[in-house]
Amino acid sequence: MIILKLGGSVITRKEATEPTLEPVNLDRIAREIARAKPDKLIIIHGAGSFGHLHARKYEIGSPIHTKGELQEKRMGFALTQNSVKDLNHSVCHYLLEYGIPALAVPPSSFIITHNKRIKSANLEIIEKYLEMGLVPVLHGDVVPDTQKSIQMAVVSGDQLVNYLSLQLKPERIILGSDVDGIYDRDPKKHTHAQLLEVVKSLEDLQFLEGAQTVDVTGGMAGKLKELLELAGKGIESELINAGCEGLLERTLKGEKVRGTLISK
Ligand SMILES: Nc1ncnc2c1ncn2[C@@H]1O[C@H](COP(=O)(O)OP(=O)(O)O)[C@@H](O)[C@H]1O
Ligand SMILES: [Mg+2]
């Protein structure tokens, strides 16, 4: 089994002021997955501009003090879910176009967090779909939270990668983002940033404070923390550039490509 995460930065225009798809990338990525024909596959995609605009506007995950705030956040929760569902629909649509039996599995319908960390999720349905030869497609989403003060949370695609990988023990975990891998500092801000072939700790990076983007779930820093937690438990993952033609297909086929290995 392979768990593949598609970054919101690749399949959406993340900096856009309204939810905007990146259809050229999405079409190519679906084609590459179809060509590689992985045996058992779970796809998790980020929410990109379909999620963070709403989540930020309504401050999903921040403390609720009054009834009025609760009312507003409740509406925001539903609007965010509706928006990421739109993106998920498009992702599944492109996959289906290339003959991949993609099946939407929205986290908001089966995951509960406590203090923003996944506390319970019934993965039986995902295992069943895999057995049936279907490709479950999950995504960054909003979920109910049992911490009374917040009541709702955003669960990132990266946290889903962490949780599902621990539970389902896939042979490979591949994350496709819009950069060639993890660098010693943000490659978009520093022209001399060095690509790291292997990352074993946050200390491998020079400037972690630079690892923030418009991403409400922590950008590269948030991603790396999830992956290092996995690595600490002996589960390796690979980060590659899914915005670069052919890399995803080659890595899915088992070829070694440019990227970063996150390991113990
Ligand atoms: N040290 C770093 N190495 C790689 N990318 C970094 C680093 N620090 C910050 N970034 C930024 O993180 C972004 C990827 O994170 P994010 O936007 O959350 O991607 P995704 O949508 O794949 O989750 C890159 O576009 C890059 O600008
Ligand atoms: Mg991200």
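In case you wondered, yes, glycine gets a Cβ from its N, Cα and C as well.
TrEMBL labels come from automatic prediction, so no person has curated them.
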Residue among GLY157, GLY176, GLY181, GLY218 sharing the substrate site, where TrEMBL lists ALA47, HIS52 as binders:
GLY157
Just report the maximum Cα pair distance in Å for the recorded substrate binders ALA47, HIS52, GLY157, no decimals.
12
For LYS5 (ATP binding site), what is the secondary structure state per DSSP, taken as helix, strand or coil?
strand
Nearest to LYS5 (ATP binding site) in three-dimensional space, by Cα, is which of the recorded positions LYS14, ALA47, GLY157?
GLY157
Taking the binding-site residues LYS5, GLY7, SER9, ASP178, ASP186, LYS188, which residues show a Cβ-atom distance to ligand 1 below 6 Å?
GLY7, SER9, ASP178, ASP186, LYS188
